[in-house]
Amino acid sequence: MNILLTNDDGIHAKGLLALAGHLSKSDNLLVVAPLHEASGVSHSFTIFNPLQVREAPLNGFGRGYTVNGSPSDCVKMGVRKLAVHPLDLIVSGINHGENTGISSFYSGTVAGAREGVFFGVRSISVSLSLFTDEHIEHAAAWTARFVAAIRDNRLDFDPRRTFLNINFPSCKPQDIHGVKITRQGITPFNDDYEERTSPGGQRYFWLFGDRPSHAGPDTDEKAIEERWITVTPLSVDMTDTEAFGRLTGREREINELLNT
């Protein structure tokens with residue numbers, strides 16, 4: 001397969017390099033990653049500044065390039081300018097830190113996979129809670145097997161609207177129970193800003209907080225707490241179908257209300 005690999009941690013991130021090492025053994029690999037750390041940039045892309053593309057050595061793990069932009073920029077550049085052959089799969093990761101629940105809205109890693117859907121290419125994002133060498137190697141090897149299942153058409157999802165968000169729990173690999181297909185959790189963060197003062201007397205703020213542990217059943221948040229690898233199908237269609245049904249039935253009433 002022709003695979004594009006990206007991330008939001010940068011071209012030299014351990015997770016990306018470990019995954020490149022596995023995927024390059026059996027697939028034609030193109031790596032396009034941000035020049036600098038781009039965590040938390042969500043689905044931003046560059047409009048008002050020029051993008052620079054530079055070759056990056058990858059020790060034989062395929063062709064590597066950096067882009068001075070976001071993961072979305074990297075995928076766009078990879079698809080439009082750098083891929084020699086049509087892409088069969090886009091992989092974003094392995095991210096340093098999980099991206100379950102509403103974290104997926106903030107994540108540059110998840111956005112890299114979402115961008116792939118806009119091109120109709122099968123896409124997955126991969127994130128890891130603990131980032132020791134043991135955990136990275138386990139996640140990279142597991143992801144390579146998952147990619148092989150996609151290659152063999154054993155996983156069915158529509159690449160024009162759906163991508164898969166994969167997360168690994170924070171436990172030893174031997175303590176993982178297996179794989180759970182989950183829905184996305186929506187538990188809000190319990191966060192706030194700590195006010196501090198710089199040595200020069202300037203006031204500034206630092207984000208802190210955590211996520212309350214009351215995740216709903218069948219969610220990625222709950223499953224990862226229970227030591228499962230989570231696979232969550234996410235759609236680029238963000239329409240609330242229930243609300244859509246209710247509101248379309250009241251179009252006439254809404255028009256009459258707004259025309260008064």
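Every residue, even glycine, has its Cβ placed from backbone N, Cα and C.
Record check, TrEMBL: divalent metal cation site residues include Asp8, Asp9, Asn95, and the candidate from Ser39, Ser42, Ser123, Ser129 also listed there is Ser39. Each of the binding-site residues Ser39, Asn95 was scored by other CB atoms within 10 A of its CB, and the lowest score goes to Ser39. The C-beta environment of Asp9 (divalent metal cation binding site), restricted to residues of the same chain at least 6 apart in sequence and closer than 8 Å, consists of Gly15, Leu16, Pro34, Glu37, Ala38, Ser39, Asn95, His96, Thr109.
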